[in-house]
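Asker: Right, I'll just put the structure down here and ask away after.
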Amino acid sequence: MVATCLQVVGFVTSFVGWIGIIVTTSTNDWVVTCGYTIPTCRKLDELGSKGLWADCVMATGLYHCKPLVDILILPGYVQACRALMIAASVLGLPAILLLLTVLPCIRMGHEPGVAKYRRAQLAGVMLVLVALCAMVATIWFPVCAHRETTIVSFGYSLYAGWIGAVLCLVGGCVIVCCAGDAQAFGENRFYYSSGSSSPTHAKSAHV
């Protein structure tokens, strides 16, 4: 029973974390920047936000983004963080699907428990890799961006990435280390026996 609960907890935690990583990858509010001194920016109410795909300017009644489409002039850290976040988002999909197939409520024929166990271990390792890719990108990006401009604060995209990476790491570790062995995966099956058929009563007809 404990192993079953841990499997479900690992799946839910990993799924929520993967969604957070996708949100981080697709949005541009990674860091809030200031082109002048911080007091000047606050006085002018003019701040910027920087992400993987665009640089945005936020002013009173104005929000304008400039897409970062010229790969040749992009800083190396932006391209590397893009690759890491895309890899994390793509790798998370098969990991989540593998975890879905090893849940106790899912049964694929009469497969042995060791098959589910191996899929669970593979999915857990993949989720740990997803978490590591996201962690490296979400830590590396603000450090390098701070060298180019003044960072006022971190954006919601970065927080979503940190939370998502931690959740994927926790979920992957739970699946790999705590969700039971091959025997536990074999025992977590639910069988439903159909009720006994009602006896048929034959009626004899007298002519």
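Even glycines carry a Cβ here, placed using N, Cα and C.
Residues or ranges marked as transmembrane segment by Swiss-Prot on the basis of sequence analysis: 2-22, 83-103, 123-143, 158-178. Among the features that Swiss-Prot reports, topological domain 'Extracellular' is placed at 23-82, 144-157, with the record citing sequence analysis. The topological domain 'Cytoplasmic' annotation in Swiss-Prot covers 104-122, 179-207 and rests on sequence analysis. According to Swiss-Prot, the phosphoserine annotation covers S193, S194, S197, S198.
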Asker: To the transmembrane segment (123-143), which of 2-22, 83-103, 158-178 is linked by the most Cβ pairs under 8 Å?
Answerer: 158-178
Asker: Mind checking which residues of the chain, 6+ beyond the ends of the topological domain 'Extracellular' (144-157), have their Cβ under 8 Å from one of its Cβ atoms?
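Answerer: Same-chain residues near the topological domain 'Extracellular' (144-157) but 6 or more away: 23-24, 27-35, 37-38, 41, 47-51, 75, 77.
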Asker: Can you break down the topological domain 'Extracellular' (144-157) into helix, strand and coil residue counts using DSSP?
Answerer: 7 helix, 5 strand, 2 coil
Asker: Could you tell me what the rest of the chain brings near the transmembrane segment (158-178), counting residues at least six beyond its ends with Cβ under 8 Å?
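Answerer: 6-7, 9-21, 23-24, 27, 29-31, 85, 92, 95, 99, 120-121, 123-128, 130-132, 134-135, 137-138, 141-142.
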Asker: Under the DSSP assignment, what numbers of helix, strand and coil residues are found in the topological domain 'Extracellular' (23-82)?
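Answerer: For that range the per-state counts are 21 helix, 20 strand, 19 coil.
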